[in-house]
Structure formats: structure tokens, C-alpha cells
Amino acid sequence: MSCKTPPTLQELAENSLLKNQDLAISALDDIPSLFFPSLFKKACRNRYVGIIKAMVQAWPFPCLPLGAMISRKTAYRRILEIILYGLDALLSQKVPHSRCKLQVLDLRVMPLKLWNRLPVFGTAGCSENPAVVGHSGTEVKQPVKVLVDLVLKESPLDSTESFLVQWVDNRNGLVSLCCCKLQIWAMSMYYHRKLLEILDLDSVQELRMYCISNPVCLLNFAPYLGRMRNLRCLILSHLWQTFSMTPVEKQQVITQFTSQFLKLKCLQILHLDTVFFLEGHLDELFWWLKTPLETLSVIDCNLSKSDWFHISEFQCTSQLKHLNLKWVKLTHLSPEPLRVLLLKSASTLTSLDLEGCQMMDSQLSAILPALRCCTQLTKFNFHGNYISMPILRELAYNVVKQKSQQSKIRFIPSCSHHSGLEFEAISQPHIVFVDVDRTTGEQEQVLFYAICSGEYVL
């Protein structure tokens, strides 16, 4: 027979309050702040509308993380409406409740278990100073922030999102709609222009744009991109053109879009994945970007000679920590831009990914001196290149061992099936530098794959 754990005194007190709405509301002045999260969760679960509204107006923490309570869409919509009505009452008060510290309504989805952790009710996403001094010397109350993560598609917003946008729009500046992470999938400006006008674009820190087949979308979206002054991460993936444009029209779109990068002074991470529409014009994008990047990924793109020769010339590529050129075919391109790029970032580069670049012996030999200068390099992916054994040995022993004479080198067979091969042949030091894991205070481990013989796509 299992023994049921008896309720705690706090649980008994909360259950008693919830049975009497008037008593619960009147007690909000006196109950400990630590009771609020648990009491609020129970009130939402049982749809105690009056108690929920009153608790919002007396919320003793800077943040109300409602997103942690999202479980069922229909239930969430109803709870959200109740809370927004409570916020309406709070915003209309000339003198707010003495306990109220609410600055942020966080609607971002997060695990429910976080609800019971007090840090989630802290000041994340909100200003340290909830009020500023106006020209008259009196305090001006800052707007309440509503935090969301948005995914925009070709279809309209769902009913809950539409309701929220309309509610914010009707608050006349008393509420600010903020979005830290914005995803756009084949966006339709017809449906989303109003949202972009209302959204506090300064709040966007990460922007992902996928599957944009209509370049006009880039043209229309460009002014909004330029207003994302705190953007740190930008991912552009699968941008292509499905209808014909004159060269003049295409250049107009590209210029309007890439010129916005001049305003992205906080950008640290730039991922360009299969951006067919920008091929041959990436030099324009890099020219406008004046801030040094930490991460640059150019993946599966057919770089023009102009793109390739200019990539190392600009300030934005001078202090890279991570460089990813995966599946960019370099076979017929000069290794000189890559050599210059490595030298410029030699003191900062920690990871280099050249997987699938189909480089040849001569190209790797050309960049080896620059690789030796990359003293911080800890991860190097060279899978998918045509390299002979002598060059592999030079790469492993002259580059890797130079980084630390105490590195531990391990040889791992690259083939799971060794039929017909002599063990001695497999164990020869035919190696590829795959990864270096640095552990503070411990011996470095350098991982290699053994190659049986001849030239291979590794």
C-alpha cells in the first residue's frame, strides 16, 4: 500500500484561498511573494478569472513567464485573454498596486518545470530601470514588454497570434511586442506587414530566413532588416528565383537588401546556405558589413571568382573564430583567398570546416603555412577532399604536432570492413586531421582516421 504525501502548509493555505475568490484577492497584499507562482498556476488550471486578473495587477516579480504554462492551444488562448484583460486594468491605473513589479510578459515556450525556479521570474529580457526621467523631470513609465518567438509563413497568423497583435496595437504604446528569435519561411508581406510594423525590431537578436523563392519579398523586407539594430545572428537558407527578372531588376533587389547590412553593427554570426539568388553578389553583402564577424558559414554555394577573391578583403572577415565552407567546391578556384583569410584570422580562428570542398594536393599545400599560424585552431573538418598520403602526413605532423608537442595522437581505421587488407597496411600512419579536443589542464587528444592506400575522397 502506497502512502500519499500529506499536503504542505503552503498547499493547504493556497487551496483555502482558491475556495473564496474575495478572500484570495484581498490577501494578495499580504501573502509572501514565493506563494505567487504556485497560486497563479493553480488559479490558471481552474480558470479562476477574477483571481488571475488580480494577481497580474499585483505580480511581485519583473517577469511573468506564461510560456512555461503552454500545454494545450485552446486552454492557452483563454488564459492569455484573461491575463491581457488583467494587464489592461493594470495599464489603466494611475497608481499601480504597491506590490506590482511586472515589466515583462514572457510568452516564449519553455518547459513547465522552469515555472518552479525563481530565476525565470527575474529581469531577463527587461530593462534594469523600469522608469526613465522625462523632460519635465517626472518619471515616465516604460511600456510593458510582451516577449514572443515568431515563425512567419506564407499563411496568415493563427487566431491567438492575431489576437495578440491586435491587442498590442490597440494599447497606444503602453505595450511593446518583442521577439528575440524570428523565423521566416516563404513569408507573405500581405499577411505580415502589420506585425512587422508593430514589432519592436530592436528586440530581434536572431533572424532565420528559409525558402524565399520570390526576390520581391527580400525587397519588401529590406527596410525591416535594417531596423534590427541588435541582430546578432542571421541565417539565410535556400534563397532562389523562380521567375525571370531583368539584370537591372535583380540588381535593385540585391542592392536594397544587402545595403541594410551596414546598419547591423551587432551582427556576430552569419550563415549563408544555398543562397543561389545572391551568387555572384556576395562581395556586395560583405562590403556593406563593417562589423567583424565571429562566425561565417558559406555552405553549398557556387561561388563566383569575384565572390571568392573578395571574401578575404573585407573587415567583416578579419577576426573570425569559426569558418565553415562546407560543400563549397574549390577545385577550380585559387587557394590564395583562403590562405589570406586564414592568416587574417590566425590569432582568433578556433574551428575550420572544409568538408566536401574537393580540394587537391596543390591547394592544401598552398594553405599549410597559413594553417600553421592558426594557433587557436581546435577543430578542423577535412572530410571530402582529394589528398595524397604525403600531404596528409605533412598536415598531421607539421600542423597538429606543432600546436602541442604533448598531443596524444590516436589512429582509427576508416573502414569497417578490412577484407583482403593486411593489418600492417591498415596500421600505417596514413592520417587525416579530423578533430582536436582541448581540455583545460589535461593532455590534448588529436583524433585521426587511418586510410588504407592511394588517393581517396575522405
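Cβ from N, Cα, C; glycine included.
Copied from Swiss-Prot, the annotated features are:
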type	residues	note
REPEAT	99-126	repeat 'LRR 1'
REPEAT	176-200	repeat 'LRR 2'
REPEAT	201-227	repeat 'LRR 3'
REPEAT	228-263	repeat 'LRR 4'
REPEAT	264-289	repeat 'LRR 5'
REPEAT	290-321	repeat 'LRR 6'
REPEAT	322-340	repeat 'LRR 7'
REPEAT	346-373	repeat 'LRR 8'
REPEAT	374-398	repeat 'LRR 9'
Maximum Cβ pairs under 8 Å to the repeat 'LRR 2' (176-200) - stretch from the list 99-126, 264-289, 290-321, 346-373, 374-398: 99-126
Most Cβ pairs under 8 Å with the repeat 'LRR 7' (322-340), selected from 99-126, 201-227, 228-263, 264-289, 346-373: 346-373
Contact set, same chain, for the repeat 'LRR 4' (228-263): CB under 8 Å, 6 or more residues outside the stretch: 201-216, 218-219, 221-222, 269-278, 281, 284-285, 287-290
Other parts of the chain folded back onto the repeat 'LRR 5' (264-289), taken as Cβ under 8 Å at six or more residues beyond its ends: 212, 215, 218, 225-226, 228-241, 254-255, 258, 295-304, 306-307, 310-311, 313-314, 316-317
Secondary structure content of the repeat 'LRR 2' (176-200), with strand meaning DSSP E or B: 10 helix, 11 strand, 4 coil
Non-local residues, at least 6 beyond the ends, that sit with Cβ under 8 Å of the repeat 'LRR 3' (201-227): 145, 147, 176, 178-189, 193, 233-243, 245, 250, 252-253, 256-257, 259-260, 263-264, 277
Positions on the same chain near the repeat 'LRR 6' (290-321), where near means CB under 8 A and six or more residues out: 262, 264-276, 279-283, 327-329, 333-334, 336-338, 340-341, 344-345, 348-351
Within the repeat 'LRR 7' (322-340), residues counted as helix, strand or coil by DSSP: 5 helix, 3 strand, 11 coil
